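This report concerns only the one structure given below.
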Amino acid sequence: MHTLRGAPALSDFRLAKLLAQCRERVPSVSSIYAEFVHLIDAPAPLSEADLATLGRLLDYGPRVATGARIGSLLLVLPRPGTISPWSSKATDIVHNCGLGERVRRMERGTAFFIAGPDGQALQDAELERLKPVLHDRMTQAVVGRLEDAAILFAGHTPRPFTTVDVLGGGRAALVTANRELGLALADDEMDYLVARFTELKRNPTDVELMMFAQANSEHCRHKIFNASWTIDGKPQERSLFQAIKNTYVQHKEGVLGAYKDNAAVIEGFEVDRFFPSPESGEWGSVREPAHIMIKVETHNHPTAISPYPGAATGAGGEIRDEGATGRGARPKAGLTGFSVSHLRIPGFEQPWEQPYGKPDRIVSALDIMVDGPLGGAAFNNEFGRPNLTGYFRSYEVQVPTPGGVEVRGYHKPIMIAGGLGNIRASHVQKGRLQPGDKLIVLGGPAMLIGLGGGAASSMAQGASAADLDFASVQRDNAEMERRCQEVIDSCWALGDKNPIRSIHDVGAGGLSNAVPELAHDNDLGGRLELRAVPNAEPGMSPVEIWCNEAQERYVLGVAPEDLARFAALCERERAPFSVLGDATAEQTLKLGDTQFGNAPIDLPMDVLFGKPPRMHRDVTSRPVSFAPLTLDGSLALLAERVLSHPTVADKSFLITIGDRTVSGLSSRDQMVGPWQVPVADCAVTLSTVTSTTGEAMAMGERTPLALIDAAASARMAVGEALTNIAAARIGKLSDVKLSANWMAAAGSPGEDASLYAAVHAVGMELCPALGLTIPVGKDSMSMRTVWEEGGARKAVTSPVSLIISAFAPVLDVRKSLTPQLVDVADDTRLLFIDLARGKQRLGGSVVAHVHGQVGPESPDVEDPALLRGFFAAVQALSESGSLLAYHDRSDGGLWATLCEMAFAGRCGLDVDLAPLGGDVTAALFNEELGAVVQVRASDVARVREVLAQHGLSRDVHELGRPVTALQVRVRHGGDTLMAEDTLALRRTWSRVSYEMQKLRDNPICADQESAARSDASDPGLSPKLTFDPAQDVAAPFIAKGARPRVAVLREQGVNSQQEMAAAFTRAGFAAVDVHMSDILSGRVSLEGFKGVLACGGFSYGDVLGAGGGWAKSILFNPRARDAFAAFFARPDSFGLGVCNGCQMMSQLKDIIPGAEHFPRFVRNASEQYEARLSLVEVSKTPSLFYQGMEGSRMLIVTSHGEGRAEFPSVEDAARVNGLGLVTTRWVDNHGRVAESYPANPNGSPHGIAGLTTRDGRFTITMPHPERVHRSVQHSWRPREWGDDGPWMRMFRNARVWLG
């Protein structure tokens, strides 16, 4: 083993945070320093030349001063016996650089040097206390000496399976195994298994039992939703699932697939779908329907235990569900949601956040909201899927019950991951597998993670042993999932020649659930080989190999004659796959093990999928009554508390961490207006890169209401989703389809009956009355946390919780409505549309919660016809252009609605509550359904007329108008009730986000952003163009018919090729998909291309620094280096590197003529991924891309984590800044070069955002012009822009340069 020192692993502010955590455990710690250590496993000693090459390969990250290596050493390593995702990618890079025969494997550890007083070493007991804050025990281990790291490369002996002696020990033996293995088997299931194995005259193996437990867990089989019911002694006619399916029975139109696949499919529009030709690789359009898959998952249990990987794998699993729909599909855009208990932010604890405690086995609500959103966002970012909408609720309350005071809340959180994608019409239905078809696993290796996750998530939190809880959390590798998705995309692009007959994602239960499901769906069995499963941990037992939930895997069936084609696609994408065996006509599952010459599984399929007795729920309802609300304090104090409640407050800290523009198909994200305020009601995507049609999605949830009335809570969730999605231009209400995610603490007093009432209200009554279908959903029935503390038994039980996600095809993305108040200086009016017919019930509201109360009466949807008429009226008014702004009423009531509209429009309000009655508190803070619209004064009569035509004549109230003065004034007739400064209210509303950013990110950046929000003179994003974007300067050249070829270059993990190809295709080029494997293998030569376009993404998952692995696989591979050097030297060639491509090209400066001044790009100053709509100014340079654009200030997309330009010295940065080769600079909204955050999103000196070579042929840029080459791709833009975005000029300039 060789070791090479790496760079410091943590920045100063991260070290300071870690030091504080360490001192909480060991007060005598005086200092801590961390640096990376690289560990190289080589078959023979490496030469000096090899070590020098490795040294250059491993030179990555910011160049900062190293700290003192004093005190005690704790070396954190990947867990011995495992191969980390870092290792597999770094080893790939090393092998691609020509060291494959000399380096077997590389791993990376982190060396922590921790000192006591005077730099002394710590005691062993003290070091033990520090280990939990330094490592993740699921995936890492800690050693005390560098030489102990050799254990990483030691061989591990595989272990055999075990059996459970059912024949000798009977049921008692199975009861013991159930407890020890965490199988979560019910009594009737154990009886069933004893009977079946007695019939078979043999004992079950641990593999067979775990497989049965996973396949038949509540998580996988939804036993409660399929159960029969008796409530209060009265048998019920339907199961819960039958009530949901009733919506489909009543309204099938527009639904192409429901209930039987990984996602539902609904009808989309016929459009020009854009993807590379399977034959030529050239990107082009195919006219066909782009049907829409929709799916929403939960990942609650893992997120409670370990939030970052829990949320990350939640997002990853849902993405795989979409990709594995039908015969393969493409995910497009995501949504996310979190419900947690009190945040209790240190230094910002709120009066209503009374402490109650939590069990040690789960993390706090605060930790969930610090780490969980980062995990979900990071997975989406790296995979390459924009996350465009979501919700966040913080709720915990003590309530009186007949049995005493109970705590209701979300110690077991809700973590929602959902989204939509597109699928070809011919691939909506899965094909039938035939005997002899190959059963294949595609994706990463088996790892000992997530064992028993399906069973574990089916138990109440705390009902299983802590080690089993922790073992059931999976770990993520988004870059691997991206490679698999590229294979799936290549397969569906083949149309009728798609080699995939059927595909499932590998989720709960791992292969033990996915493989039998694939065979069983086709009435087949399978003969399989255990050792064919790719395995990163050779020491695992058969049960661990077969049942682990290692992520980023799919199982699929391929005909033998299509195997070679499928293998070639996998090889090109470097996506691992393995043939596990064959499908068989005999319906038996036989899993052989060549290692031990036995069969861990040999089971008739009907044992696994037989029908254990159907569950019956015999439950009683529990009547509740809550005292009338007593709301203390002035109206101004109530208003402040409501705005600062996390459920109402600014969600920026959850949004700017997530890429919202990757793929170039986002049209409406969360951020609204020139001040980019996160208040959008819904998300809107484009059907394809050239369309104005699209898809919308929105969410609705009103879970606190369920404490009062579960049925009303469910109806309100549907209602909120509809008032949100109404902001998109949708044909008719029945075009909207819903996903329903149901959470309940089944078995807790009264909760089962409440769940039944909620499902019945939506499935049997409201949705049929509205013409709505629920073709997809999920249930999680163990929403209770139990523990002991100080000898007392404690519990936190969630309310019955319905999260609705609404999806619909969109007729015209340009007509999406937002809450931004516009034309404030003109005569406009605010109309309030009240869908509660004057009722102002405050039960379950935020204003009740800030008083620690619930309230006796819940808002409700009492007249579905009113909601139907409202939706139709809003669509008619949207089509006619009569609505200037729109925002629904929800959490925080009318007060939050009005404030958010004022924040988005950066204006004041003059509001009169007199039309709403005399109870101003109820009028302002009730959360009944409704919406506020802004209309021109001259249009008020016509708008009222349209609303009246739809049955809303008595539900419209004129409340006042927006004003230019930055003051929100609330009156009741002539009495002023409140007059608050808009910016002061905005600071109150944004305080939670500021405090969370300060805790999580670089606090200096959080302070700078907070200060920027308070700038009263901020004009908002202010683009200024020196050219006409409507002028097509390339038209004369395109008219000649020549389409120069450009290579749209990608490496494994790159995800932004579609938008790059779209921009250059629109500019008259022939854009060709080129993978680095094509070049390294010699399949493709760069000689036939005029341009090389290096795309954005996460090549090699940013291992060895962003773009570093990609660059080094060129520099250190002779064939690739020669090819690129020759291309760069040609005078007729040009190149563009964007984001990851920019990071990569900057490291090729030694072989790019005139690029010696290129910097390297390192971690953003915020130490966070930054996704924003920014401003840059174009400078005068030789760059061929920017000719005629000089002096323009332009809107551009920022999406990167490592975009800070780093030069060898301050002097070097100043020198490069003066060379006339900086193409673009970040500027603030006043047009000044931006040095502070967030106008300068990464901290680059002199605002440097892009550079070019001395002759202008090669340009690099961190922000993404290709993602906003059309105006509809901007989250905000001036209304006068046409279809071409200003950045389209840049791509046309390249066509002009070629002539």
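The backbone N, Cα and C atoms fix where each Cβ goes, glycine too.
Per Swiss-Prot, these features apply:
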- C1139: active site, nucleophile (ACT_SITE)
- H1264: active site (ACT_SITE)
- E1266: active site (ACT_SITE)
- 310-321, 389-391, A680, S890: ATP binding site (BINDING)
- D681, E720, N724, D888: Mg(2+) binding site (BINDING)
- 1046-1299: domain 'Glutamine amidotransferase type-1' (DOMAIN)
Legend entry - DSSP-derived structure type at H1264 (active site), helix or strand or else coil: strand
Legend entry - Nearest of the recorded positions (G310, A680, E720, H1264) to C1139 (active site, nucleophile), judged by Cα-Cα distance: H1264
Legend entry - Rounded Cα-Cα span from A680 (ATP binding site) to D888 (Mg(2+) binding site), Å: 10
Inset, instruction - Starting from the Cβ of G310 (ATP binding site), draw a 10 Å sphere and report how many other Cβ atoms land inside it. - result: 28
Legend entry - Winner by Cβ contact number (other Cβ atoms within 10 Å) across the recorded positions I319, C1139: C1139
Inset, instruction - Identify, in sequence order, the residues in the chain of T389 (ATP binding site) that are 6 or more apart from it along the sequence and have a CB within less than 8 Å of its CB; answer 'none' if there are none. - result: L335, D669, Q670, A680, C682, A683, M697, A698, M699
Inset, instruction - Return the residues near E720 (Mg(2+) binding site), defined as same-chain residues 6+ apart in sequence whose C-beta is under 8 angstroms from its C-beta, sorted by sequence, else 'none'. - result: M699, G700, E701, R702, I804, D888, S890, L929
Legend entry - Cβ-centroid neighbours of Mg(2+) site D681, E720, N724, D888, 8 Å, sequence order: C682, A698, G700, A721, L722, T723, I725, A726, A727, H887, S890, A931
Legend entry - Other CB atoms within 10 A, centred on G316 (ATP binding site): 30
Inset, instruction - Please classify the secondary structure at T389 (ATP binding site) using three-state DSSP. - result: strand
Inset, instruction - Averaged across the domain 'Glutamine amidotransferase type-1' (1046-1299), what pLDDT does the model get? Just tell me the whole number, please. - result: 98
Inset, instruction - Quick one: pull the CA-CA distance for E1266 (active site) versus N724 (Mg(2+) binding site), whole Å only. - result: 30
Legend entry - D888 (Mg(2+) binding site) in three-state DSSP notation: strand
Legend entry - Position of peak Cβ density within 10 Å, selected from the binding-site residues T313, N724: T313
Inset, instruction - Using all protein chains shown, find which of the recorded positions D888, E1266 scores highest when you count other CB atoms within 10 A of its CB. - result: E1266
Legend entry - Which same-chain residues, if any, lie at least 6 apart from D681 (Mg(2+) binding site) yet have Cβ under 8 Å of it: A698, T723, N724, I725, A726, A727, L817, T818, P819, Y886, H887, D888
Inset, instruction - Give me the Cα-Cα distance between I319 (ATP binding site) and H1264 (active site), rounded to a whole Å. - result: 24
Inset, instruction - Using Cβ-Cβ distances, find the residues under 8 Å from H1264 (active site) that belong to the same chain and are at least 6 apart in sequence, listing them in sequence order. - result: T661, S1056, E1059, G1096, V1138, C1139, I1196, V1197, T1198, S1199
Legend entry - Three-state secondary structure, which DSSP defines for C1139 (active site, nucleophile): coil
Legend entry - Cβ-Cβ neighbours of A680 (ATP binding site) (radius 10 Å): 27
